[in-house]
Amino acid sequence: MESTPPPDDCSVKVAVHIRPLIGDERIQGCQDCVTVVTGKPQVQIGSHSFTFDHVYGSSGSPSTEMYEECAAPLVDGLFQGYNATVLAYGQTGSGKTYTMGTGCGDSSQTGIIPQVMNALFTKIETLKQQIEFQIHVSFIEIHKEEVQDLLDPCTVNKSDTNNTGHVGKVAHVPGKPPIQIRETSNGVITLAGSTEVSVSTLKEMAACLDQGSVSRATGSTNMNNQSSRSHAIFTITVEQMRKINTDSPENGAYNGSLKEEYLCAKLHLVDLAGSERAKRTGSDGLRFKEGVHINKGLLALGNVISALGDEKKRKDGAHVPYRDSKLTRLLQDSLGGNSRTVMIACISPADINAEETLNTLKYANRARNIRNKPVVNRDPVSSEMLKMRQQVEYLQAELSLRTGGSSCAEVQALKERIVWLETANEELCRELHEYRSRCPGVEHSEKDFKDIRADDIVGSVRPDGLKRSLHSIESSNYPMVEATTGDSREIDEEAKEWEHKLLQNSMDKELYELNRRLEEKESEMKLFDGYDPAALKQHFGKKIAEVEDEKRSVQEERNRLLAEIENLASDGQAQKLQDVHAQNLKALEAQILDLKKKQESQVQLLKQKQKSDDAARRLQDEIQSIKAQKVQLQHRMKQEAEQFRQWKASREKELLQLRKEGRKSEYERHKLQALNQRQKMVLQRKTEEAAMATKRLKELLEARKSSPREHSAGTNGFGTNGQTNEKSLQRWLDHELEVMVNVHEVRHEYEKQSHVRAALAEELAVLRQVDEFAVKGLSPPRGKNGFARASSLSPNARMARISSLENMLVISSNSLVAMASQLSEAEERERAFTNRGRWNQLRSMGEAKNLLQYMFNSLAETRCQLWEKDVEIKEMKDQFKEIVGLLRQSELRRKEAEKELKLREQAIATSLGTPPSSVKHVAEDLSTPSPMTVPAQKQLKFTPGIANGKVRGPAAFLDTNKKMVPMGQVSMRKLSAVGKQGGRLWRWKRSHHQWIVQFKWKWQKPWRLSEWIRTSDETLLKSKPRLKALPNKIM
């Protein structure tokens, strides 16, 4: 195709579509992190602000205006020969398929593609009389970096029969060559082997769209039940052939020759698969591989956008990596090429997606800097034929000039005179048309005048002079163009003057009549305002009688004038008198007509009076009804007062009960406030930790950006410069590793904060549901601990808890947005650093070997430390198992001792005949020498196997919490040495802040261990002989 460039380049238009929060996000307690500036296409997220061409959704423009503002100009450009592209970009689950309309559900009817199809065929219907159209469509997808045809019947049937468990996965047909991407000699990207279907109606095109949408690869993930697993491109090709008249005054010939102009334009409607993270989507196996390919293609697209959006790189002619993926290869014309492109960035406003939303907005902002070069695509064959035809016409004109012997100057003068004559002819034709348009008005006025005279006077007398005047007026229509004599002009002027006077007189009479009627109406209105029925009736009767009398007198005068006209002679004086009488007669007839109108108006006024009387009667009835209602209302007020007195008495009784419940709820409120305070402290601590990690990451990234490594000149020597260079390399490597660790730390804090926020949101949802059940008077569902705990709270406590949770959710949301912003910047800089090459600053093989040796030494040292930690962990696990075993044995011995003690108490009581309580005191006295009864504030023997609280597993025991001894700070040798020393006490102190056993509750103090456990192994050994000797002494 031959291209005709426009005068200026055009940039890529970018629109942002913000979808609302979905159900899962609301359940998780997600908050809106995207703010739209009122009245401006500007979006804010955290501390970042972006300006685009259009913003839809949220508080921006409604989504229904998206087609008219974004896609409609591109559809109009198709008929002018311009290529166009609409590109939907964004995170998975952000609404790209819904926006484009490539889904197979009913909701897709509101998308861009169905509206484009409707507008396309609507405009074709209006232009098909002048232009011949041919429409072709193709629908392809890029699935796992393979281009597959969605409109190929063989491929679709194969996918329907062989596909199981993977919705819409298109299978490759054996023996058919795969679709190849080709580039023509003029740089146009084409697909070899794809199916192009010719369509002529909207129904056929919609069927192709539905067929491809059903065959498209989709799958279910944790973020989207029907996630697109491929990039889809729906292409509409519009071919049109126009016939243009080549006749012009310059060639001097009007032979009716036509030229044919052939235009071909393409509209690419692209629905990209969304970027995704494996942890969020929960994909594995095939889904994970698909996600890898999707992210790979989107990464290549992002690199292309970054390269084209960087003005410095564009001016320097930097390489644009179109060939890194098949997606960017197919979109080569759409990004920086021959196309008018609109990019729709679909984003999610949820704070849990803040990182992906920020990345999408950054790429969309870069895309606005891309400059495309759209051109009109014409057929080169038709263009060449047009040039040849123009050349033939020029040669024929030259040949005629040479054979005729006329000079070029004379021909040019003749052409200019032809143009001037044509212009003059057009002016004359326009004036002629104006005069002809004025003639029907004159004829109409003359006809009305003739009709009046014919009805009144001219029926009996038709003077010859009047006939001559009429004939002269009728003949004055044509002299405007043809006649040039002075008589015709005079007749025309007289007719116009006569017409003007006639119109002026009629208008004066009408104005006078209007003024008179206005005065009468005003006087009647004044009378009607303070009317008396009898006086008004008398007034109207008198008016009607006056009108009848006046009508009768006018009729008599008219009859008299008609009689006089009939008796008059036909001479000149009689003719003048007849004209005067005719005018008087006409005035009288007008007066009669006016009187008739007055009579009708009086009748109407009488009718209105009757209506007003009826309205007065209705008003009186309504007044009586209102009075009756007033009596009933007073009776009801008395009843309501009595009922209120009874209700107030009952409420006072209830108030006493509520005060009792209020004291109970006050206690619950204090308890809930303590719980809220503890949760706030935990949330604040975690938020501060996340903020510190984010701050460290930001400082490291700024240090990397602002302090690049300075290379020394002498890197080959072994002097001071070489040592300095080696140390700088080591510092640089340590810094890079620290940056990666901090990024991992921030991401870990981000995920942990997300889990905390999800727990808070779940509790908030439960409290709101319980509150709704309470309002409706229903009982919450049973069997759920969350509902049971929430139901036990009072309404005021629930409201206070809900408010507290909402505040904590806002704090958590702000923290998530801040961390997402830092993670986005870290990933962006890391990606830019990776693209430039992490190891480009290594200038020699010696530097690389030194850095590799340093990395090897660091790795070996880290492995050794890791082995030592593993050994310590294993020893701690063994020690923990031993402690648990000893604890269980001690518990069994304690139970056996208690059982034996009870038996001996019963035996002593039976022998002595005393109550069991006194024997219990004797048994307690026998156990006093036990070292376990020593006050805990002074000393406490360390007995392996004795611990408080519930025994936890090894993983919980080894949790690196502040309440526990950090790993590596307590030597296992010291513990083993303590276990081997017999008889030596292990003293616990109140000021000791590190314990080998973690205590679950605050009231569990290690120095009160002797108060919880009353018996030990030594106590049992010492108490057994004394208990055995006691019965012997008694005997």
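Counting begins at 1 with the first residue displayed.
A Cβ is built for glycine as well, from the same backbone N, Cα and C atoms used for every other residue.
As annotated by Swiss-Prot, domain 'Kinesin motor' applies to 11-370.
Residues or ranges marked as ATP binding site by Swiss-Prot: G90, Q91, T92, G93, S94, G95, K96, T97. DSSP gives G95 (ATP binding site) a coil state; it is part of no helix or strand.
Residues or ranges marked as coiled coil in Swiss-Prot: 408-436 (among others).
What Swiss-Prot records for 504-707 (among others) is coiled coil.
For 704-724, the entry in Swiss-Prot reads region 'Disordered'.
Marked as coiled coil by Swiss-Prot: 881-911 (among others). When averaged over the coiled coil (881-911), pLDDT in the model lands at 88.
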Sorted by sequence, non-G90, Q91, T92, G93, S94, G95, K96, T97 residues with Cβ within 8 Å of centre, ATP:
R19, N224, G274, C346, S348
Starting from each candidate's C-beta and looking 10 angstroms out, tell me which of the binding-site residues T92, S94 has the most other C-beta atoms.
S94
